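Engineer: Annotations for this protein, taken from Swiss-Prot, read as follows:
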type	residues	note
ACT_SITE	Cys103	active site, nucleophile
ACT_SITE	Cys199	active site, cysteine persulfide intermediate
BINDING	Gly8, Met9, Ser10, Gly11, Gly12, Val13, Asp14, Ser15, Met34, Gly127	ATP binding site
DISULFID	Cys103-Cys199	disulfide bond
SITE	His128	site 'Interaction with tRNA'
SITE	Gln338	site 'Interaction with tRNA'
Amino acid sequence: MKKKVLVGMSGGVDSSVAAYLLKQQGYDVIGATMQIWQHDEEFEEREGGCCSLSAVDDARRVCDKLDIPFYVLNFRDYFKEKVIDKFVQEYIDGKTPNPCIECNKHLKFDELLRRARGIGADYVATGHYAKIEKRDDRYLLIRSDDDRKDQTYALYNFTQDQLEHTLMPCGDYEKTKIREIAKEIGLAVHNKKDSEEICFISDNNHGKYISEAEPNRVKPGNFVDKSGNILGKHKGIVYYTIGQRKGLGLSLGRPVFVTNINAKTNEVVLGSEDDIFKTELIATDVNFIPFDKLEKEIEVTAKIRYSARPAEATLIPLPNGRVKVIFKEKQRAITKGQSVVFYDDEIVVGGGIIESII
C-alpha cells in the first residue's frame, strides 16, 4: 500500500515541484494550503504572499495539473495566536523576532502534521531546501545541496517524531534545477518569483503594521547615547532594530547605529559601528537535534541571522536549558529575538532565541 503524504502547498515553485517529485517516487500525494490570512481586504488582495488568495489559486492549479487532491485548511486563528500576536509583542518588547521560524515550529511541522495524521497520512512534506537523514538511531537535519537557498536556519526546532514524519525532496536539488523541472512538466509557476517578505505584512513595513495593530502601545521616545544623553526623538521603538543606520531621521554629523533598544524606558540607544560588534550571547528556548540535551561545552559554527555566514563558536550549557555562545570573532549586530543556529559541518546541531547580548 502506498504511503500517504500531505504536502504543504504555498503556490510557489518549490512546494509544487516537491509534490511532483513525491508522486514520481510513488507516494499517495495530497496537496493542502494553510489558510492564514486575516479578515483584512488589503491582506486578501495582496499578490504573491506564501499563503495569500492568489497563492491558493496557484496551488489549486498545480494540484489539478498533477492530478492530486487539494484542500484549503483553516489555520487563521492558530496563526494569529502563535505567529502574529507573538511577533507584535516581541517588537513592543524591543526585540526583533523571526515569524517564519515560529510558523515552521507551530504550524507547518506541528499542527499540519496533526491534521495530516487525522486524515491517515504518514508524512507531511514541504518545498524547503533542507535534508533529513537517519543515522544510527537518530534523525538529523542536514544543510541543502544548494548552499545559497539552504533554509535550515529556520528549521532548527524539529523533534525526532517530526523529522521521522517529514519529507523535503527539494533538499537534494539546486533551485535552478527545481525551476527546470517545473518548466519541463508544464507548471505555470516555474518562473514565479520567490516570496521574501513577511507574508502577513503587505508593504513589508513592520513598524506601521504594529503601530496600527497596537496604537496605544507604540509611542514616540528619545534617541540617547550610551551615557543617557538625549540625541533626538524617535517615532516608536518598533520601527528600529540593532545595527540600523538608515531611517533614523537624525543629522548628528557622524554615522550612528542602533546599539540597544530599551522597552522599559522607551529609548533607542545610538552609538558607533564598533559598538554593535559583540562576541557573546545567551540563548533561550533551545532545541537540539542530534542529542536531547547539551551536557558539556562543544565547538560549533553558528549563525545569528538567516543571511549570516556560520562563524566558529563555543557552546556552554547553562541552567534552565539556556546556553552561552562565545564567538571566536566579533559578530555584527547580534539582535535579541532573532535565532542563533548551530552547525557541525552540514549537520544542524540545534538553535535557540537570542535572549541577551554580553
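Cβ coordinates are placed from backbone N, Cα and C, and glycine is handled just like the others.
Thinking about packing and proximity, how do these listed features fit into the structure?
Structural biologist: Under the three-state DSSP scheme, Cys103 (active site, nucleophile) falls in the helix class. Close to Cys103 (active site, nucleophile) in the fold, though at least 6 residues off in sequence, lie Phe79, Lys82, Val83, each with a CB less than 8 Å from its CB.
Mapped onto three states, the DSSP output places Cys199 (active site, cysteine persulfide intermediate) in coil. The local packing around Cys199 (active site, cysteine persulfide intermediate), expressed as other Cβ atoms within 10 Å of its Cβ over all shown chains, amounts to 22.
With a 10 A radius on its CB, Gly12 (ATP binding site) counts 22 other CB atoms from all the protein chains.
Taking a C-beta cut-off of under 8 angstroms and a sequence separation of 6 or more, His128 (site 'Interaction with tRNA') has the following same-chain neighbours: Asp14, Gln151, Leu155, Met168, Cys170, Gly171.
Here the Cβ of Gln338 (site 'Interaction with tRNA') has 24 other Cβ atoms within 10 Å, regardless of which shown protein chain they belong to.
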Engineer: How many neighbouring Cβ atoms, not counting its own, are there within 10 Å of the Cβ of Ser10 (ATP binding site)?
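Structural biologist: There are 26 of them.
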Engineer: Looking at ATP and its recorded binding residues Gly8, Met9, Ser10, Gly11, Gly12, Val13, Asp14, Ser15, Met34, Gly127, figure out the farthest C-alpha pair and report it in angstrom, whole number.
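Structural biologist: Between the outermost Cα atoms of Gly8, Met9, Ser10, Gly11, Gly12, Val13, Asp14, Ser15, Met34, Gly127, the distance is 16 Å.
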Engineer: Could you give the Cα-Cα distance between Cys199 (active site, cysteine persulfide intermediate) and Gln338 (site 'Interaction with tRNA'), in whole Å?
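Structural biologist: Cα-Cα, rounded: 17 Å.
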Engineer: Cα distance, Gln338 (site 'Interaction with tRNA') to Ser10 (ATP binding site), nearest Å?
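Structural biologist: The Cα atom of Ser10 (ATP binding site) is 24 Å away from the Cα atom of Gln338 (site 'Interaction with tRNA').
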Engineer: For Gly8 (ATP binding site), what is the secondary structure by DSSP, using just helix, strand and coil?
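Structural biologist: Its secondary structure by DSSP: strand.
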